[in-house]
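Take a look at the structure below.
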Amino acid sequence: DIDECSFERTCDHTCINYPGSFECLCHKGYTLYGLTHCGDVDECSISNGSCDFGCLNTMGSYECVCPPGKKLHWNKKDCVEMVKCLPNAKPAPKAQLVCSKTGGIESCFLSCPSNTLFVPDSENSYMLSCGVPVQHGKAQPRRNSTLPSCSDSLAPPVKQKARFKIKDAKCHLRPRSKEKTKDSGKQAVSDNCQVTFVNLKCDSSKKKRRGRKSPSKEVSHITAEFEVEMKSEEVSDTCNIDCVRKRMEQKLQTAIKTLRKSINKQQFYIQFSETEYEVAQKPAKATEGHEACSTGQVLQDGKCVTCSTGTFYSGEHNQCIPCSPGTYQDTEGQLTCEPCPSNDSQGVTGARNVSECGGKLNSIKNALGQCSPGHYSSDGFKPCTVCPLGMYQPEPGRTLCFTCGGGLMTKYEGAVSFQDCETKVHCSPGHYYNSTTHRCIRCPVGTYQPEFGQNYCITCPGNTSTDFDGSTNVTHCKNQHCGGELGDYTGYIESPNYPGDYPANVECIWNINPPPKRRILIVVPEIFLPIEDECGDVLVMRKSASPTSITTYETCQTYERPIAFTSRSRKLWIQFKSNEGNSGKGFQVPYVTYDEDYQQLIEDIVRDGRLYASENHQEILKDKKLIKALFDVLAHPQNYFKYTAQESKEMFPRSFIKLLRSKVSRFLRPYK
């Protein structure tokens with residue numbers, strides 16, 4: 001058995017090895033495409049996310065949003081009337097950006113309230129929503145808190161977006177060490193201005209550097225969107241609303257400038273539940289001690305386990321702590337718990353949703369239970385009313401039923417799906433029912449529908465799209481991005497959506513330009529291009545874009561046997577083109593650049609038929625680990641001494657070592 005999971009880049013998220021096979025799995029909120037890739041599911045394209053009003057898709061999740069004057073019900077789907085604020089009611093908790101200057105060095109920290117959403121996108125990126133957006137004029141893209149917002153917003157908030165760069169660091173949210181957390185003379189950005197809401201995304205990527213000795217460096221990018229509320233009490237005779245806005249904008253710009261300086265010096269922290277977290281660290285530091293697990297996870301029996309619902313991750317104690325009475329948490333791996341709507345600090349410890357919040361009223365409702373699908377009530381709890389004819393409700397605990405539309409009736413009361421509506425025609429997969437025209441419409445390009453009788457099409461995951469309209473399966477969704485990594489010493493190119501079928505009408509161009517005095521060796525382990533459509537899909541490698549330049553390789557068909565060859569020119573221009581006919585798996589082609597002094601030796605090896613003669617030798621050129629080891633030595637010959645004689649024996653068959661040894665000996669000692 002080959003353990004495919006031990007290879008780099010086998011699966012985007014989770015890889016499971018089986019005897020003779022493997023399987024890729026995706027995190028919650030993502031779906032599989034192209035056999036190994038994971039893309040974000042656009043839940044809003046599936047019946048508007050089952051939201052009462054608006055739906056906003058986020059990476060790995062989604063949020064329902066409400067119009068002004070309404071707030072989100074505890075079921076996070078329905079909109080209910082906003083509770084009028086009492087004279088002494090607390091305003092919604094806000095974020096605060098606090099900066100200070102000590103010994104000429106700026107440091108800033110972002111203080112986040114209890115209703116913070118933490119979304120880890122991948123191992124090296126995450127997103128934070130800190131505070132509550134200002135409700136003015138339209139629904140806000142934020143997981144609405146169950147607490148009413150009592151702020152007196154005068155006009156649309158001041159919004160600014162900024163992008164920051166942190167060199168040589170990876171995006172990992174880690175608790176700051178105790179000795180560093182000493183309060184210096186912290187001075188707030190302004191006396192009367194808080195940053196009402198911050199949406200922050202941290203993303204890491206490797207930056208390739210030219211030059212022989214400089215390795216690739218980690219670069220992290222932070223994108224932050226700030227919102228500051230405009231308050232009526234700040235308007236005066238001497239400063240009207242435009243004047244207040246200008247002042248706010250200037251304050252925010254000043255704060256962002258200071259923040260940029262503090263980020264450059266890696267002096268920026270985020271505070272939740274009285275614990276300060278570093279935004280990104282140097283790679284070596286990111287794996288110290290217990291910090292091997294991602295934030296929101298703890299080590300249990302040698303495995304990283306995400307903090308469950310009803311708990312939050314405490315960076316200070318490095319453990320999952322149950323939510324205290326009066327708070328709840330319905331999402332895994334979070335850094336705080338949300339306040340319960342009753343706000344009376346009664347109820348159970350470790351509440352996993354609002355219905356477990358406790359308080360006398362909640363306890364009674366919880367005992368009664370939620371409304372079942374096909375039913376509704378004013379608060380989602382029993383006693384419930386059955387959905388009338390012409391309406392349906394697929395979920396429990398809802399305050400409304402959805403209408404079939406177009407005057408359509410359901411087959412019976414208490415319907416639980418649009419498929420219970422008596423449509424005039426029955427739509428097949430790849431189509432959706434239009435309730436206005438009472439016709440089946442083909443799913444547009446970039447969407448699909450695998451079921452009969454639905455009234456929506458599902459948007460393709462991530463950045464994928466379909467080749468044509470009327471798609472019936474997520475497998476028709478393909479990434480259009482031309483894949484690969486082009487390094488000075490080693491790299492690879494791959495067809496879009498690999499190892500899934502490549503899309504129609506795609507064109508990819510790659511340029512391999514090695515450092516001085518180096519030549520290119522290419523291995524094509526296998527390539528799948530359908531031969532049926534008369535060379536419609538072509539991979540060509542030549543010196544330049546000019547059709548008359550020296551060609552090294554050209555093919556328009558499938559070859560399952562590997563081939564290795566050297567480039568006929570120092571640089572390579574590579575093009576892959578597909579037509580709208582048949583498609584195939586395509587290719588993943590690695591290359592290495594080697595010192596031109598070895599040109600004669602390398603050509604002698606790759607042109608020898610014995611390299612391809614046996615199944616054993618062919619498997620070497622298809623084995624990603626062995627090719628990586630060979631390329632490592634070809635790119636940097638001194639790395640040969642990293643491998644012991646025993647390792648070489650175990651990696652390669654004797655016949656292969658014998659073939660190489662005879663050629664290398666002859667090349668290095670021609671007269672012996």
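Each Cβ is built from the backbone N, Cα and C atoms, and glycine gets one as well.
Copied over from TrEMBL:
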- 142-152: compositional bias 'Polar residues' (COMPBIAS)
- CYS5-CYS15: disulfide bond (DISULFID)
- 1-39: domain 'EGF-like' (DOMAIN)
- 482-594: domain 'CUB' (DOMAIN)
- 137-156: region 'Disordered' (REGION)
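For CYS15 (disulfide bond), the Cβ neighbour count at a 10 Å cut-off comes to 17, with all displayed protein chains included.
For the domain 'EGF-like' (1-39), the number of residues in each DSSP class (helix H, G, I; strand E, B; coil) is 3 helix, 17 strand, 19 coil.
Mapped onto DSSP classes, the domain 'CUB' (482-594) shows 0 helix, 54 strand, 59 coil.
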